[in-house]
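Trainee: Shown below is the structure under consideration.
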């Protein structure tokens with residue numbers, strides 16, 4: 001075992017006695033499912049017969065980006081079953097909701113075990129996957145070491161490595177090289193990501209683009225969509241989607257500015273974390289008055305007297321993108337890196353982006369270059385952009401056409417990745433052999 005491997009092994013083992021208590025604390029705060037805590041220790045395996053591929057995505061965006069890839073994998077291998085792990089309750093809920101009926105019976109969900117050596121071993125020995133696919137930046141020393149010891153091949157897809165993360169990994173070059181060498185192949189979002197990963201010691205790295213760009217359009221309840229459209233009528237609608245703390249104040253400043261030109265404007269604010277709904281509603285009440293604010297989580301509706309509707313529910317962004325005449329994509333007016341800007345593009349909604357789009361820079365740059373998105377820098381420029389797009393139908397149509405073309409360019413990626421993964425990983429037709437113990 002290398003020095004890097006020894007350090008991560010003993011660090012994980014030393015923390016292990018405290019982690020069950022920490023998990024129970026998280027469960028008490030709604031961040032874990034109490035009856036499923038055993039999964040976080042690698043227990044509760046129920047391996048099906050036949051070939052099994054393990055896919056892991058940490059959170060909501062990564063999990064939903066997997067859906068087209070999962071469909072492509074299952075289409076190419078009719079006997080294949082998928083074990084999908086996530087790290088958050090929200091990701092698990094949305095992934096389960098979005099699985100098509102024909103796919104659900106071939107997909108098993110579990111919460112991923114924490115990166116403790118014996119828990120990683122228990123997980124792999126229980127499930128015995130034929131291969132593993134990690135998404136984006138999930139670089140786990142103990143789990144990847146356990147995979148390597150058992151001869152289970154792994155690939156990393158949609159990988160990204162920001163300049164800041166690359167600088168941090170340079171403090172542990174041996175560990176970075178060791179972890180990255182455990183992947184048979186790494187598919188990155190951009191050439192810049194590929195260059196940073198190669199500099200850290202990665203072997204074969206290919207840049208094929210961002211899997212999030214190929215995600216299916218977000219769903220919506222058609223009856224609810226019709227109901228809300230009738231309620232809203234002809235009012236112009238501005239959506240601030242997936243907003244973060246410190247961002248809603250700027251959005252509300254923009255709402256006040258845009259209402260000077262568009263007095264009938266309805267603003268919908270969908271915080272990234274729905275549990276912040278009360279906080280966001282209180283901020284809005286301070287700007288437009290309590291009687292002009294409604295919360296969806298409380299059954300509130302965007303009626304005639306509503307100026308700000310807080311969409312603090314889970315899994316309904318597709319509904320609100322369809323209602324909006326323009327959408328600002330959150331986590332981009334504050335330094336959080338941005339969210340997937342192609343979600344509104346696939347639903348014909350014009351896109352506004354802040355300056356902080358580091359996590360989706362290639363997509364944001366492609367949209368901007370094609371004329372499919374507008375950049376804003378603060379509440380004032382956001383108000384100007386909202387007013388411009390909602391007041392100029394031709395401007396809105398040009399933005400949506402350009403964005404739709406960018407989104408269409410990425411539609412081939414899931415199939416291409418699926419074919420490459422199945423070529424790299426020997427996903428056979430029988431039950432996986434018994435795993436070698438750690």
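Here the Cβ of each residue, glycine as well, is placed from N, Cα and C on the backbone.
Copying in the features that TrEMBL gives for the protein in this structure:
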type	residues	note
ACT_SITE	62	active site, proton acceptor
DOMAIN	36-213	domain '3-deoxy-D-manno-octulosonic-acid transferase N-terminal'
SITE	136	site 'Transition state stabilizer'
SITE	212	site 'Transition state stabilizer'
Trainee: Residue 62 (active site, proton acceptor) has how many other Cβ neighbours within 10 Å of its own Cβ?
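Mentor: Around the Cβ of residue 62 (active site, proton acceptor), 24 other Cβ atoms lie within 10 Å.
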Trainee: Rounded to the nearest Å, what's the C-alpha distance separating residue 212 (site 'Transition state stabilizer') and residue 62 (active site, proton acceptor)? Just drop the number here, would you?
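Mentor: With distance taken Cα to Cα, residue 62 (active site, proton acceptor) is 8 Å from residue 212 (site 'Transition state stabilizer').
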Trainee: In whole Å, how far does the CA atom of residue 136 (site 'Transition state stabilizer') lie from that of the residue listed as 'active site, proton acceptor'?
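Mentor: On Cα coordinates alone, these residues lie 7 Å apart.
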Trainee: Count the Cβ atoms, other than its own, that fall within 10 Å of the Cβ of residue 212 (site 'Transition state stabilizer'), considering every protein chain shown.
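Mentor: If we count other Cβ atoms within 10 Å of residue 212 (site 'Transition state stabilizer'), we arrive at 26.
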Trainee: Hey, what's the Cβ neighbour count for residue 136 (site 'Transition state stabilizer') at 10 Å?
Mentor: 25
Trainee: What mean pLDDT does the predicted model reach across the domain '3-deoxy-D-manno-octulosonic-acid transferase N-terminal' (36-213)?
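Mentor: Mean model confidence (pLDDT) across the domain '3-deoxy-D-manno-octulosonic-acid transferase N-terminal' (36-213) is 93.
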